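Let me begin by presenting the structure, written as structure tokens, before commenting on it.
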Amino acid sequence: MKILLIGPPGSGKGSVSELLTKNNTLKHVSTGNLFRAILKEDSELARKIKEINVSGGKLVPDEITNQVAKSAIDELIKNEQSFILDGYPRTINQALALEQYCNLDYIFYLDIDHQELMKRLTGRWMCPKCAGIYNIHFKKPQVHGLCDNDQATLYQRADDHADAVSIRLDEYDKLTLPLIKHYETNPRFIKINANQPIEDVYKNINNYLKQNK
């Protein structure tokens, strides 16, 4: 089973993917996580990504993104492992590249208002150890400023600051909205109301998967 979650930053793709992988035999493929892992390396690819200023809200070029995503997806397909794509593809060129080697079974579009996105993104804090995500508005840690899992001090990513969020949403409107139009004629395309709580978004998707196996 090959699932795509598509939607703007802050729509809940990561959180929903986490819930789906926890309760199903699915692997979570997040380009954000893949890039963060690469940035820890001393490699030419890491240096290229750093030069792009991802932390300032800029998107990595399609050529690099396709290379990184294909490497991860090819391995899963080779092992016949079901997976969820989160954050890829996000442009028409990326979608066309993906279609060359991967047929998606479900395309879930997380539809959400911009006002709700700003609230979610600027209120988001992250654990440096386990990558757990919290939000000061609706997913607070048990102890202020500390991760529930490992008690590490939470931090706010540079791309979750207000200025960077505005850039990310502008980039999304310009590059990813055309992708929605590309997919919405596909019979596997399902629109989900992502303004509701993450748990409800997850339940809607999980129920759909159960009913349409």
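Backbone N, Cα and C define each Cβ position, glycine as well.
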Which listed span Swiss-Prot calls region 'LID', if the choices are 85-122, 123-160: 123-160
Candidate sharing the ATP site with Gly10, Ser11, Gly12, Lys13, Gly14, Ser15, Arg124, Ile133, Tyr134 (per Swiss-Prot), from Gln67, Gln196: Gln196
Outside the region 'NMP' (30-60), six or more residues from its ends: residues with CB under 8 Å to it: 14, 17, 68-69, 72, 86-88, 90, 131, 157-159, 163-168, 171, 175
Tyr88 (AMP binding site) versus Arg124 (ATP binding site) - Cα distance in angstrom: 21
Proximal residue to Arg90 (AMP binding site) among binding-site residues Gly14, Cys127, Tyr134 (C-alpha distance): Gly14
Cα proximity to Cys127 (Zn(2+) binding site), best match among binding-site residues Gly10, Gly12, Gly14, Tyr88, Tyr134: Tyr134
Residues Gly10, Ser11, Gly12, Lys13, Gly14, Ser15, Arg124, Ile133, Tyr134, Gln196 [recorded ATP binders]: greatest CA to CA distance in Å: 18
